[in-house]
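S.K.: Found this in Swiss-Prot, in case it helps:
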type     : residues : note
ACT_SITE : Lys79    : active site, charge relay system
ACT_SITE : Ser154   : active site, charge relay system
ACT_SITE : Ser178   : active site, acyl-ester intermediate
Amino acid sequence: MSLFDLKLKDVHTKLHEKEISVSDLVDEAYKRIEQVDGQVEAFLALNEEKARAYAKELDAALDRSEARGLLFGIPIGVKDNIVTKNLRTTCSSRILGNFDPIYDATVVHKLREAQAVTIGKLNMDEFAMGSSTENSAFQKTKNPWNLEYVPGGSSGGSAAAVAAGEVPFTLGSDTGGSIRQPAAYCGVVGLKPTYGRVSRYGLVAFASSLDQIGPITRNVEDNAYLLQAISGHDPMDSTSANLDVPDYLSALTGDIKGLKIAVPKEYLGEGVKEEVKQSVLDALKVLEGLGATWEEVSLPHSKYALATYYLLASSEASANLARFDGVRYGFRSDNADNLLDMYKQTRAEGFGDEVKRRIMLGTFALSSGYYDAYYKKAQQVRTLIKQDFEKVFEQYDVIIGPTTPTPAFKIGEKTDDPLTMYANDILTIPVNLAGVPAISVPCGFDNGLPLGLQIIGKHFDEGSVYRVAHAFEQATDYHTKRPTL
């Protein structure tokens, strides 16, 4: 049994009872990475020398009884769009292939303060644009459950690393489902917090009004510990909410008697595979058995979410990615004759096809003559989608449905059809547009591939999301299943 199969509090106990050391945990991470990452390809860069040195420091602190907090000594992986001081951060893009940040993102700083150990940086779709991690400029991450299948995206490396037992925790980012979808495909737990709950300072921006950093773990309890550690107001992020962070662990009571669940008919409609629907209905039976009730509801504007998202996210991306021009940092083309040519060549050679596609789509949507017809209208529809959620939450505690319409698909199956690829996020995108929190927890299998249950909560009510997710998890054994690598 791996140390990473244990819950965080059990690892914490073993550390303090001197049954294991921090160096043992770090050794376990790098040993497992050496064993399986040649197949899975989750990590882009390793922090081995510094991590081992830091582990020795923490072991000395443990001997002096100076260990603080439950994350003390725990190995963690970080998605490669979250900046890490002096540890290469590329966003899986050639244009940032040589970028070494000079500061830590706020979430990385918080984990350092909690004395967690950064093991390395994780692969992703380039600039978080994708649903399969096939858009990385460097490598294609595989699904640990079946190496011929994708792990999801854009946080595919983050989910695959946890599923493969390389690290117990990772950080991902979620703009339209990029934590929840790979968590579902890889059979792990992934939470997108409420927009503003976690600081975005140091997250390389894709779509600033949608991006949110969140935790990926093997179980709900550990997920709550990690969110507790990274949440809170940050003066460096103007969109960070100045609200107290509740004690998420106190929500994990297992008691959901009287809880009212809404199930949107749109989330079990056309395009959702029959096995996926059945897994959700089976999960609802489990929750009914625990004392909750559910009713079918409608989120009528969900059908417009995909188009709305791709207009808004691409528009924001076209502005955010303008900063990558070859002047200040990252890749610079050698084939230019003048400054303007250098801008063009750098971006043409540095960005991948999907990133270029979205920049062009966003630039078009923002252009004179099209702004009102596309961007402005999309913002209006976003408001309607948010109001749909608010209306349902007036009567219900949580919304439940599948995380994805299908299980993971084969590598290469959808790369030639961007619209089919985009449709993988049809059930997760509305949550980002509304800014509410949502989690994916394992709820079944289809031909050996994991399925995810999505639990959506009210603004800043991650506690209720965790309460339901934990109750379901404790009543089932899906979270205990491991891929054989």
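Yeah, the Cβs are placed from backbone N, Cα and C, and that goes for glycine too.
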S.K.: So what sits near Ser154 (active site, charge relay system) in its own chain, CB-to-CB under 8 Å and at least six residues off in sequence?
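M.R.: Residues satisfying the criterion: Met124, Asp125, Ala128, Met129, Gly130, Ser131, Thr133, Asn135, Ser173, Thr175, Ser178, Pro182.
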S.K.: Could you say which of the active-site residues Lys79, Ser178 has its Cβ with the most other Cβ atoms inside 10 Å?
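M.R.: The most densely surrounded of these active-site residues is Ser178.
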S.K.: Through the lens of DSSP with three states only, how would you label Ser154 (active site, charge relay system)?
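M.R.: In three-state terms, Ser154 (active site, charge relay system) counts as coil.
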S.K.: Hey, does DSSP put Lys79 (active site, charge relay system) in a helix, a strand, or just coil?
M.R.: strand
